[in-house]
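Straight from TrEMBL, the features:
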- HIS153: active site, proton acceptor (ACT_SITE)
- CYS161, CYS164, CYS186, CYS191: Zn(2+) binding site (BINDING)
- 27-286: domain 'Deacetylase sirtuin-type' (DOMAIN)
Amino acid sequence: MSLGYAEKLSFIEDVGNVGMTEYFDPPLLLQDKIERLAVMIQKSKHLVVFTGAGISTSCGIPDFRGPKGIWTLQREGKALPEASLPFHRATPSMTHMALVELEKAGFLKFLISQEKFCSAPSNVLCSSSLLNENIDGLHLRSGIPREKLSELHGDSFMERCPSCGIEYMRDFEIETIGLKETARRCSKVGCGVRLKDTVLDWEDALPPKEMNPAERHCKMADVVLCLGTSLQITPACNLPLKSLKGGGKIVIVNLQKTPKDKKASLLIHGLVDKVITGVMEFLSLRIPPFIRIDLLQTIFTQASSLDEKYVNWSLAVASVHGNRAPLPFIKSVEVSFSESQNMKAAVLDKQPLYLKRRTVKSTNPFNIMMKLNFSDGCKCSSAEIMIPIDFKISADVFKDDKDSILQNLRESALTDPSCGQTSVIEKKFIMVPKSEVIVHAIVTNIVKFDRSYDGDLSNGSFKRKYECLNGVIPSRKRSNGRKPRAVINVR
């Protein structure tokens, strides 16, 4: 998680301002500001959102500059915070998912993710991957389209081909930072160049691929909403200011004061999740659940024994990112067989997950049952997969529409009282060696956001509720005494 990421950064003594005082608007003032923000969003033609580390702290990812941030505690000589879950299992916050809904509803036109400290001169396009939000990958994981997102300081889960530009989103944290080569190569036919990580170190330049569209959309914006960012670091912190020349307005939602506060048309000192929850209620929009779907592949390989009496076969449970890539969401696999088969069950608990067996060649078709036990951080405990085995190899390839399958799986997860639903995305056969490769999609997390805006906007601790979804999200009920809001037309 971000603690490990901090250790990967090159050493630098000056990490900027840390441990700054937090401010909280009184409840009635906060409510008024939330409604003003909602009206601004409702009337906007080109809304751009500019996010920092403050929208991810509720996800269990510690920041660096806050009162309990890593570098704040280091400077005070105190023990570092404990990560509440593995970095690769962090789930989007209410704010992340609200932004997804705002994009689907046609309000949000572009999203910029950043929050870093730069030690280079201000005229150098430098960035420093200091805080968590810029590299946690939660915006993409939540469902924001890639073409509407600039991740100025990279993504800990993304690799990019320096030759053809293809990006690879992984389910494991990339082992390097600083735009270095990784252990994998581009899979595009005819390319094969070694991939590089996308996370910037202290003095790496902001990539034009991310910076240029961010600057263009800020110039077009009539509202730039800054969420959970200290707005300290140049040149990224100056992006919202580019909206002012065209008559745009800046809104800042942050617990700490920022250098850009005087430029803001609206300044809100409140917890980002609370503020966004109130905005969504005003706009009659729900915060959608987050459903995480992970992929893995099973590889069944067979070969006849020298005397042709037996079939030697193996079963591998592997990452879709390559046989040598880690499979971080699987803790163990319990393998069993049809009752008619006199084969001993097995537990695979060390990666690579691999099982070898020998079967008499005249054996009738049978089934392999696998119970996949998920690792820490998965809100679902397990899932089950059955693989029918008949030792026949076909040249046919099954490949359904991936997006449709994933959408059907999400809808199934919303109506099923449990999670761990699975579906086959692709099945292919390889003649040498004789193998059947099946790609499985599995629901591993369901997070619902069932707290509606009830008029209680007292600032204080705000807890996210992680749990498996036992049915459809209930409709929101307005608190007594509040005027009904006009229904917003959505796409």
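Note that the numbers count up from 1, one per residue, in the order the chain is shown.
Each Cβ is built from the backbone N, Cα and C atoms, and glycine gets one as well.
Recorded features from TrEMBL, shown on the structure.
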residue	record	CB count, 10 Å
HIS153	active site, proton acceptor	28
CYS161	Zn(2+) binding site	20
CYS164	Zn(2+) binding site	12
CYS186	Zn(2+) binding site	20
CYS191	Zn(2+) binding site	12
Residue pair CYS161 (Zn(2+) binding site), the residue listed as 'active site, proton acceptor' - Cα distance, angstrom, rounded: 17
Between HIS153 (active site, proton acceptor) and CYS164 (Zn(2+) binding site): CA-CA distance (Å): 20
Neighbours of CYS161, CYS164, CYS186, CYS191 excl. site residues, C-beta within 8 Å of centre, Zn(2+): PRO162, SER163, GLY165, ILE166, ARG185, SER187, LYS188, GLY192, VAL193, LEU195
Separation of alpha carbons, HIS153 (active site, proton acceptor) and CYS191 (Zn(2+) binding site) (Å): 26
Alpha-carbon distance [the residue listed as 'active site, proton acceptor'; CYS186 (Zn(2+) binding site)] in Å: 22
